[in-house]
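Here the structure is laid out as structure tokens; the discussion comes afterwards.
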Amino acid sequence: PRLFALHHSATQYFSAAALPSPIPNPDIPDNQLFISNKWHDAVSKKTFPTVSPATGEVIGHVAEGDWADVDLAAKAARAAFRLGSPWRWMDALKRGWLLNHLADLVERDCVYLASLESLDNGKPFQESYVLDLDEVIKVYRYFAGWADKWHGKTIPMDGEHFCFTRHEPVGVCCQIIPWNFPLVMQSWKLALALAMGNTVVTKVAEQTPFSALYLASLIKEVGLPPGLVNIVTGYGPTAGAAIAHHMDIGKVAFTGSTKVGHLIQKAAGNSSLKRVTLELGGKSLSIVLADADMDHAVEQRQEALFFNMGQCCCPGSWTFIEESIYDEFLERTVEKAKQRRVGNPFDLDTQQGPQVDRERFERILGYIQLGQKEGAKLLCGGEHFRQQCFFIKPTVFGGVQDDMRIAREEIFGPVQPLFKFKKIEEVIERADNTRYGLAAAVFTQDLDKAMYFTQALQTGTVWVNTYNVVTCHTPLGGFKEPGNGRELGEDGLKAYTEVKTVTIKVPQKNS
């Protein structure tokens, strides 16, 4: 999700002159597994290539971890969590201090980290630097402040008893990180787990491993105890599946596809009934009423869909427009999409980079062809842009019907279908007729209508006259298939602790 209010786009928020120069060819960090504060080859000695989505060229090769490596990482994390270990003895205030120190080091190296993200992921450098790295720093600092403020309570009981609760860490927490926001999504999970006193095994996406591996070197520089954070690179069906099935792991947090989320939930149930937090995305929606500020709504919808090349968990891929303004909204949307600058991620004027890899690139082009076959009208874009790499021009479809596959299925790319509606009751019924429910937005100047939508829409988040405003302070999660649990905010911490009830018999109790 976009990490600040979209009434300013990134290019408006910071001019190119205000940005530091990116590093187009950053040095590649250690390409091994990080276990117990040491670098290791995979047990199998296998490696796999990482490809630049902007050029199609191999950036480097990374250790291919699998079950044996996950087992070593889990054992290291379990040892770091043992009773009496330095981590278990550490004051909560000190845990917070270490997280703040990690934020300091990320801030020190933010240009390099942003350059790694753009090289590995293909996103424009200005977004990696202005949005992603800024959010990463804020997340570590925010949850550093929670480390010594999450506590239990005393509970009045009948009889001669004194009762209190303790909030204890779950233990070994595993985190499966997606490729669309590698550092951001890692911080969303790692900061909370460490603030609450857990130890961690992280499996990073095979498409985007390098920023996480560099963060491992910063974790070591901070002085976190060995085994506290372990990072495994590898593929989902091997390393990811090993995490989901491992008996010594107490919690899994996963951000990714609905299909894989189902597999992880099933594996957790078939193994140790470990806790599972799933943020699975899907299709999110926006509803634009006739009284909305047209310029603002068009701008918000463009950024909500095309930001990060459409590779977001809640990209606003359904846009319902009231019939009386549909034609004008369509015209302005197409005009703005044609103006969007697609190109080299390291060009500071670039607004859209390539898709992350060939598989996703070809999948998106397949949906564009499918939309045309189903009868939707291609109004702009839909083309491969540049050879030997994975650019797709911003694409807008009109005349889309609710039963078309481009309407029902997650595309995860720069494809914007537009729908029209006549009545509020009608659009609410259509909007809720889906298995997804992560986020929604409504654009209107009528507060009564806005409040009605916030109550009626079956989504975990509803924005009014804005989109993708996600910060470390507020919880994020979905209804229905987008998953369970919440990330971020105070609510996000609940998944990382167990509540223990302690009851003591006392000889005399007085109020």
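Cβ atoms are placed via backbone N, Cα and C, with glycine included.
Taken from Swiss-Prot, the feature N6-acetyllysine applies to Lys45, Lys46, Lys377, Lys393, Lys420, Lys423. The feature site 'Transition state stabilizer' is assigned by Swiss-Prot to Asn180, with similarity to another entry given as support. Taken from Swiss-Prot, the feature NAD(+) binding site applies to Gly256, Ser257, Thr258, Lys259, Val260, Gly261. Residues or ranges marked as active site, proton acceptor in Swiss-Prot (evidence: similarity to another entry): Glu279.
Recorded features from Swiss-Prot, shown on the structure.
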residue	record	DSSP class
Lys46	N6-acetyllysine	coil
Gly256	NAD(+) binding site	coil
Gly261	NAD(+) binding site	helix
Lys377	N6-acetyllysine	strand
Lys393	N6-acetyllysine	coil
Lys420	N6-acetyllysine	strand
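Taking a C-beta cut-off of under 8 Å and a sequence gap of six or more, Lys393 (N6-acetyllysine) has these contacts in its own chain: Val342, Cys380, Gly381, Gly382, Glu383, Phe385, Pro414.
Neighbours of the NAD(+) site: apart from Gly256, Ser257, Thr258, Lys259, Val260, Gly261, residues of the same chain with C-beta atoms within 8 angstroms of the site's C-beta centroid are Phe254, His262, Leu263, Ile264, Leu280.
Between the C-alpha atoms of Lys45 (N6-acetyllysine) and Lys420 (N6-acetyllysine), the distance comes to 55 Å. Of the recorded residues, Lys377 (N6-acetyllysine) and Val260 (NAD(+) binding site) place their C-alpha atoms 32 Å from one another. Inclusion criterion for the recorded positions Lys46, Asn180, Lys420, Lys423: a C-alpha placed within 10 angstroms of the C-alpha of Thr258 (NAD(+) binding site); this criterion is met by none of them.
Taking Lys259, Val260, Gly261, Glu279, Lys423 as the recorded positions under consideration, the smallest Cα distance to Asn180 (site 'Transition state stabilizer') is found for Glu279. Among the recorded positions listed here, namely Ser257, Val260, Gly261, Lys420, Lys423, Val260 has its C-alpha nearest to that of Lys46 (N6-acetyllysine).
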